[in-house]
Every structure is written in structure tokens, then in C-alpha cells.
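Enquirer: Below you'll find the structure I mean.
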């Protein structure tokens, strides 16, 4: 059943989602302290092997797998096995969580206070909780939340405590450990820490994977990790990592567990706490040091209104049903199971595919607020909009989004204008509103004189902050938008030509957006289906024809991708025009940023998003993938070797879809069309 | 000197005469029997041990397991009893079986699903005889029949779907005639004629197949002849110097063992089906016996095999105990499942009957500990003749089969034992499991061996639980097959299947397969959770043999057999995915054919196919098993 959910063709209108309950409601009426100290009796896994955290360590160290690797490492390095075992033990100490209920209770108490100040409401789909309660009993569970904020895993543990579910152990990046006290607190609330990179370190990998697997096999606690690996600074989902996914699936592959339940969780914020921090980070503006000033800032954070937060627990996905017909488990029969085995090619493909699909489930269950629509429109109108036309277009966009299956939380009985003014109020720090005209702009303008460069960056912070909201809805428009752009650049109605362009764009943007590898036909068909249903296109056997009323929708959709098309062009122009032989990988981002900045200052580029390091990185990844740029290792530095001809031709192809000229025209064309009828 | 010599000659004569007088009517005496191939007279003697008559249906069920006189039933009081006189359980009341049965399956004694009482002979298709073949065979003097009952009896093994269909009175394709060769020469003649007239031969031994091996292939258009080996059942000679016996392959297990015992020997080969299964069948399926730890499995027991194939007779030229003469040709025969020819005579190793035999049992707090103990026993290579570990469900099932206790004292003792184990030792009755043991050998060594095994068991929390429990455990293996027929009277169907698996995967495989069964049943609309249980029945250096029992209440299902087959199929997939083998000793037949390629690689399958092609290009042995 679960696998069907994961693989069924999407029929967005039919997608049923659970309703939400506000969990803060009760918190506002009863004692937080009593709540934090209440009796906590979680539902347990039926096959639970009871075991304390200290025992866990010895089980891991004694495991056949680790013992095997210790011997292997010892014979390779010449160190004694005791020595290597000692090292393994140290790694484990550095890594292991020390989950304590008392610490969790402390967090519950303080977070109750904090959440009530920060959020108007924290909404949870209780049906999802009930499903999770069921799932937790049947098989070991892996929780896979989306990652937009540090809040995410605090909130997850908080919720699980609240609903009497077993507290998860959470894979966290080592960077937390730099904050000594916070790190230890998190450790005691269930976090375990992994180094960011340990590529060739066999021993580290063995300790780490055995630690996770042991907890999973014994049903010790739900394992929680972030498929995206890190917080997304742009609010777009990140390309998922498969390492940990493989680790949690292996006990099933090797028959050590009957099944494992994967539970995608979508956490969405009406306003993200780290919003401007992320924008600055993307622009390469250095973070203020973690210090007292940081703490003071944190206090300011606490005094602001962050609207609502939504946590949606998706349907548990059974690994067993996922693998049916895809993975031959008998491939693990011929090697003792304690010997680490790299995933085979088909396993790897399966992991990758599953990871993408899980992220798409996360995306699909993210709640979108009206502001997301408004932000989309404001970004397309850098000169601002009249409130009345904003209201009109927002309403239009709302219907389009709903038709494409967006999980939009639009207040039931409120006038559109009212909804808009509420949204604008919550995000007023990004806007200027005067005389019925709304514009994205720098509100807390610094007192001192600023250089033109600084002014650009200030504006860019606003644009990127705003873009992080628009990005939340991109997954809804992405496929139709790719089709819209493909139709423009194909310059032909032939389905094949359009598909080729679509496919090209899909390849180009596969690091930018969540596009399951190998799904290009399905994506194309989905896009056609959605636009056909909307009356924008007619898809004939060999041709795709735009309907008379379709132009405005297509124009809007193309504009959605415009910043990315422009950004990628900027990157390619930089690679062609500015690079010399010795461009190192490290220099790339600052150099492109300077290049873009110059273009903006010169008035040749209006797209501030080209300044985003995320976009620049993704563009480079695309060029590398398409072999227009090669990485060459020189000494201990990696330099980029640019094949200018290839980059140029990619830029040309992108240029064909350049929609600058169409920008802003979609709405007027629709208006004209409406007048015509 | 002369007188001396004459007196010695006289004595010699006397001895010979005495020898003739003492000679028993049975024809197992070496020198004579070999020549008495056609000795119909000796066979017609009712005192001779031939419990397998040509008309098997006279003593055995035509649509169920075993002897007609032995069956389970619920009497008017609702108590279970086992009829007949053949077994230790016969004639006894089993007071707790009803509750267990109803509780485990959600069955109800009010809801009966009785079998059709007699064969509906009109449902049997008329025989499609190959007349020239029949004529030639008559001329050769081979016994034959095309009586419908004889033919129906030989059209099936004991798979669930086969028995279920018979109980419902459904009869599919059956052999067109049955022939009973009485010796190797007869078989040669039959095979020669079959080739000449192009008929399909299906060898039939004990009929205990559980792999659809005896089913007549639907696509077979030729006349099908069932070759029943039951009349080739003599021990041709015993060689006490080399401890071997040369035996006709149609002999069934219990007769072979009994007759050898009379001479002070045994083979020690005791598969659970040994009451009915035949020597030839063991060879053809690579059978395994309960006491293989001492005596070995069939492949270790055979010294020489003679098989008649369409190409002629295959056999080795000597009785050497081991040879390096290329791939062992015995291994083309062992497990060939009747696709290459008919095994007619086998030379087997024999052993003197052991001086002492002792049963035993050990209770473990849980299955994991039990498996760990068996693993340790195997590691130390000190496994008793037999050691079997039942899981908790089977332990409870075993309890349900306890006969009524005769004295208050025994029931008091039972209560005390239970108290000691569950309360004093803290074993959870829903987790504990039991291992049954059988020791054999000379007394001193058995006792020593016993101590060694119990000491190991103690390390894994095992408590000795008495000889009775052990003995009952082994007795049950013979009656358990009868129980399925009882279940089928009340809407419960089930079957067992087996595999072999490396030690480190035993627990995972058991858990996953059991869970898969439960889950598949649920998904397919089975109303009540199934019985899904397993036991470890054999230990090896590198792994174990695991046996699963699986049964469910099929009320409310429109096609219970189909559901059953789907679940069994899924269970087999699960076994293979968890590192288990396609079969440990049941064989492949037609039931598990689809996995052969995956199991032995396509090159392996190709090798087997090319052997078949060479040996039997006409596909005379057309049961279509295995390949």
C-alpha cells in the first residue's frame, strides 16, 4: 500500500490531506511545568529489545561488523587491534547520544514557553500521529523531517513527547558541537553527532553505521535524520543524500528486520526564524559571531511574530513494499553479513530514487500560506504593485495553485483583500506599503551612508528572503513551468521537440529542484496533464498546441523560472568571459558574485537572485554534470577547467528560453484577453 | 587322517542341512534371494512382511494421510481421540486438543467440512491405453492394472491442493495404467517397451511426495504409466564384513528397518515419512533422516545405485567407499526426482543396532537461546542422533496433544514441573521453547554424551525437561500428518515446508518467514490469524534445517487453496530472500520448479538439462519435475 502511495501517478485534485490541530491551544491554558513533568509512557515497538544507552555502546563495539572492520583496519595500518578498538570506542563516545528524560522535560518546559511566544499556533495532523503510533509498534521507524530551521528537531522531539511516542535519536552534524553547552544539551535530548565528511575513514563509517543499525534492529528508538543533509537556506528542498538511507535500509536488505517504516514529515513555517540570516549567508555576508551579541539578537528573535508552524506526519512508507520487485535481497546471501558491502548499482539507483520520492512527499505535504503567492507575485514585479491588482492576481494564482494540487492554507471565510493585508502585516519588514502600492524594499534602512554595493546587497537580502517564500511553492509549478519554457524555446509545436527542450531544462536544473532521475517522461506527462486540465494546452498525438486562453498562464509559469534562467546565464557568461586557466573551486563563488554585482551596478542585470551562492553552486554543478566544466586537481587545489565552447552553447540554449522580454507581460496579456471576450 | 576328514565332511553336511531347516520363509537370505526374482509364491505368503499391497487403498486412505484405521476425530463429547491400534497415541483421548484447535484457528466443531467419502469413479477419465505397449507388457508377464481406484491413488502426493481436491471429489489427470515390476529385470523390460511405444513413465514409490512430483503433467498427451515399485521390496543380501546391504529400491522405510533389525542391523535412516516412503524415493529426492547426525543423509548412506534409464542401466563397477572418477555419477541420480529413470537396487551402509537409546528434552526461556544452544552443539560437533528445537507455538501445540493422564500423581507432577519452570525459573510460557533429543550408542557413551549436551544447554539457560517430553516429541512427528486431515474436517488447511540456512541467519529467517505468512494471510482475507510456527530439525557444521508449519481457518474464503498457494509462494520467496535454500530434503518437483534457475544458476540448470537430454531424449520419464 505504502509503495503504491509513493509511486502512484499524481492526481493533485484527488490528493487528500489530513486536517490540523493546534497543539499550542492547550499549552496556553494549562501549566507548562506540570506538563513537562507529566507521566510519559510511550507506545513501544513490539519487538523491542530493552537496552540502556550504556549497553548500546558495548553491543556496538562487540558487533561482528565492527570487530571485522577493526581487524581489517588493524592489519592494514599495522596498529594493534586493541589500539584500533580503543579508537573505535573514542569515536563512539564522540558520536553517541545520551538521551535523558529529565533533559527532555527541561526542553519541553522551555520550548513550551518559547513556542507560545514565537508562534501563533503549531499545527499537527493528528491522524498522522495516530498512523505513527501504529507504525511504531509494528516495525522500527525512521523519521524523515524536512529541514528548514534549527527548530525542526526540537519541535519533532517535543511533539513525540507530547503524543506519548518514543523519543527519537537524531543524526546531527558535528557543527553543533562547537557550541559546547548547547551540544551537550542536545546530546542529552537524543541527538548523536556525525562528522560532516569522513569519506575514506572505514572505522568511522563502521562505528557510525553499526551504531545506527543497532538502534534500529533493537527497536531502541526511532531514528531521525534529514534526507536533505542540512538546512535548506532557500526553502527549496535539497537534493537528498542516500548514505544514511542505505544504513537504515540495510537491516531489511540483509533480513535482520522484517520491515522498516519510513515516515516523511513536512515542517513548514509561515515565517522562518532564520529568514534574513539565510539570505545573508547566501550573499556571503559574514554571520555575526556566536557570542553575546548573538544572544541579544536571539532575544529580538523571541519578541517577533512568526505566525503559524505546521507539522505534517506523512503516511509511513514500508521499505519492504518499496523494494518489492526492485531489490533482490538474495544478493546479500553470499557474503557474511558482518562484512561491509557497498550498495550494488541497482541498490544505489533504488536508494536514490526512493530518496527523491520521499523528498517529493515532504514537499507535497508542506503547508503553503497566502504570503507565498503574494511573494511570488511581488518578485515578478520589482517595481511594486497596486493593492487592488495584487488582490486580483493573488486570487487568480490561488486557483491555479489549487488546480495544480498545492497544499494551500487559505482562510475559509475571509475576503481576499483581508487575507492579503494580514500576510503583508506579518512580513512587513520586507515591504514598503504606501498609497495602496506595495513594493519589496529595505525597511530598516541603515542610518549611515551606504556604498552602491551595500545598497545592492541590502536589496538582495530582501529579494532572497522573499524568494525563500516563493521557493516553497516552486514544486507545485515546476513541471508545468518547465514545459512552458520548453514550448517557448522549442519554437515548434511538435511534441518531440518540446519534450527535448523540456528534457534539456530538466537536466540543467536537476541540482536546483527536486526532479527524480529517470522520471522525465512522467514529469512531462504530468505537466501536460495539468496544463491540459487547466485548459492551457491541447495535447494532440504529435503536437502540443496552446489554447487561446493559455497565454497568460504560460507566461506566468515562464516567469517563475526566469530568475533561474537568468542566474544560470550569468554564471555561464562569467565562465566564458572572465575565467582564466587557474580558477580554483574555492574562488568560484566570490568571483561569480562579483561578476553579477558588476552587472547589476551597471544596470545590465535586474535579477538579484543571481547573487545567491546556492544558485551559483547549482549552476556549476549543472555545468560539471553536462561536462562543460571539468574539475582538475592541481596539487591540493581543485581548479575548474572551462570548455568555453560547450558553456557557450549551453548558454545559447538557455538564452532561447530567455523570457526577459515576456516578463510582466503575462498579466496584461490576460487582461487584454479578458477584454477581448 | 581319512576318518578325520570324513567326520569333518559329515559335520559340514549336518550344518548345511541344519541351515536349510532354519532358513526362514522370507527371501532375504543372500545366496538364494538373488536368483528368485520371480518368486511370486514367497510374496503371496501373508506372513511375509509386505505391508504395501498392490491395492494400497485397502489399508490406506485414498484422500488423506496414512492408514485407514488411524485418524483423529472429535467424539460425541467433543473430545479429540486418535483411532486404531498402530501408534502409542492410538485409542487415547486428547483432552486439550479441542481448546487448542478452536483457540488457535478460531475454528468451531459445529462448522464441519467433511470429505467426499468414496472415490467418484465416474469422475475418473477412462484410461488412454497404448495397446501395443500393453500387449508387449502382458507378454513379458508384468503385473498391471487400469482399475480407476488404482490409478487415482497414484495420481497424487500429499500436497495440500492434491488432498483438498480429492476430498472435494475432484479428480484431475490420472495415470492411464499402473504397472508393478517385481525386480530389476522387469523394470528394464518396462523401460525398453516404454521407449519403443513412446509412453510416459512416472515412477511411484511411497507416494509421500510434497512437491507435486507425482502429478500427471496436464500437457502430456501420451499414455501415462505409473510404475509402482512397491513389489520390489527385498533385501537381496547383507554383507557383514563391509557392513552393507543390497536392497531393492521399492522397499519402504519401516520394512527395511524392521527386516534389518531382525538381523541385528539398521540403516539409521529415519525420515518422518519412513512408514510409507521408499528407498528409491529417498534416493530420487535426496532424503534426510532424523538421525543423520550419526548415520548421515541418504547421499552418505548409499554405496552403490543401480538405475534403469532409457539409455540403459547406470551403475558403478565396484563397491569402493569413495572414488575420484570425475563428478560422482550418483549425484546425477540423487535428487533426479524420477526424470532420468527408475532406481531399482541400492547398496546401503548398515550399522549394528545401537545398544542403548535415550530420549531427552530441554526447555529454553526463548527461541533465541535455543538456537544459540543448537549452534554451540553443532560447533562442538557433539549433536546427538537427533536434536530438534520447537518454537513456542509448537511447544504449545505439543502440549495440546498430551493424552489424558491416568493418575492424579502424574498430573500433580506436571503441575509441579510447570510451576518450577514458569514461576521458579521465571520462564515466560509465551516465549519458552523446547528441544527434543535422542541419544544412541553404547550405554556409557550415551550417558557421557547426554551430560555434555545438557551442560551446553545449561549455558544457554536450558533446563532438562525429561525423557517423556522428548519421546512424545518424536512420536508426534508420525501422527502430525494425520492431524491435517482432522483440520480439513473443520475448515482448517495447512502444510509444512522446509529449508536449510546458515547458522547466523536462522533466527532472522524464522522470524521473517513466520511474519510474512501472517501478513500474507491477512492481506488475502484470511479471517483468523494463521498458525505460523517453525522448528529447527537438523544441525550441520555450517547451518541448520528449518521446518515451518502453517495452517489457517479458511471459512469465508472462496478459493482457499489458491490463497494457501499464494501464501506458501510468498513464504518461499521470503526464505530465498533470507538466505535459505529452495529445499533441504523435500525436493523441487513441480511445485518449486520456478526457482530452480535462481537457485542453481542458468549454467547449472543447463548442465542438468543436458544430462536429461542425453539420458532420456524422448522424455519417457515425463513427470516434468525439477527442470
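Backbone N, Cα and C define each Cβ position, glycine as well.
So TrEMBL says this about it:
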{"type": "BINDING", "residues": "B:203-209, B:285-288, B:337-343", "note": "FAD binding site"}
{"type": "BINDING", "residues": "B:484", "note": "substrate binding site"}
{"type": "DOMAIN", "residues": "B:171-353", "note": "domain 'FAD-binding PCMH-type'"}
{"type": "SITE", "residues": "B:388", "note": "site 'Important for enzyme activity'"}
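Mind running through what each feature is packed against?
Expert: Taking Cβ-Cβ distances under 8 Å and a sequence gap of 6 or more within the same chain, the neighbours of residue B:203 (FAD binding site) are B:227, B:229, B:280, B:284, B:338, B:342, B:343, B:621, B:623.
Taking the Cβ of residue B:484 (substrate binding site) as reference, residues of its chain lying under 8 Å away and at least six apart in sequence are, in sequence order, B:64, B:65, B:160, B:163, B:493, B:494, B:495, B:551.
Across all of the domain 'FAD-binding PCMH-type' (B:171-353), the predicted model scores a mean pLDDT of 96.
Counting only residues at least six positions away in the same chain, the Cβ atoms of B:435, B:436, B:473, B:535, B:536, B:537, B:538 sit under 8 Å from the Cβ of residue B:388 (site 'Important for enzyme activity').
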Enquirer: So what sits near residue B:209 (FAD binding site) in its own chain, CB-to-CB under 8 Å and at least six residues off in sequence?
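Expert: Expected: B:157, B:158, B:159, B:281, B:285, B:587, B:589.
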Enquirer: According to DSSP, which of helix, strand or coil covers residue B:484 (substrate binding site)?
Expert: helix
Enquirer: As a test of the contact definition, list every same-chain residue at least 6 positions from residue B:206 (FAD binding site) whose Cβ is closer than 8 Å to its Cβ.
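Expert: Those within reach of residue B:206 (FAD binding site), by Cβ under 8 Å and sequence separation of 6 or more, are B:252, B:253, B:273, B:276, B:277, B:278, B:281.
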Enquirer: My understanding is the cutoff is Cβ-Cβ under 8 Å with a sequence separation of 6 or more in the same chain; which residues meet that for residue B:341 (FAD binding site)?
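Expert: Listed in sequence order: B:191, B:307, B:308, B:309, B:310, B:314, B:333, B:615, B:616, B:621.
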Enquirer: Which secondary structure state does DSSP assign to residue B:338 (FAD binding site), in the simple three-class scheme?
Expert: coil
Enquirer: Using a 10 Å radius around its CB, how many other CB atoms surround residue B:338 (FAD binding site)?
Expert: 28
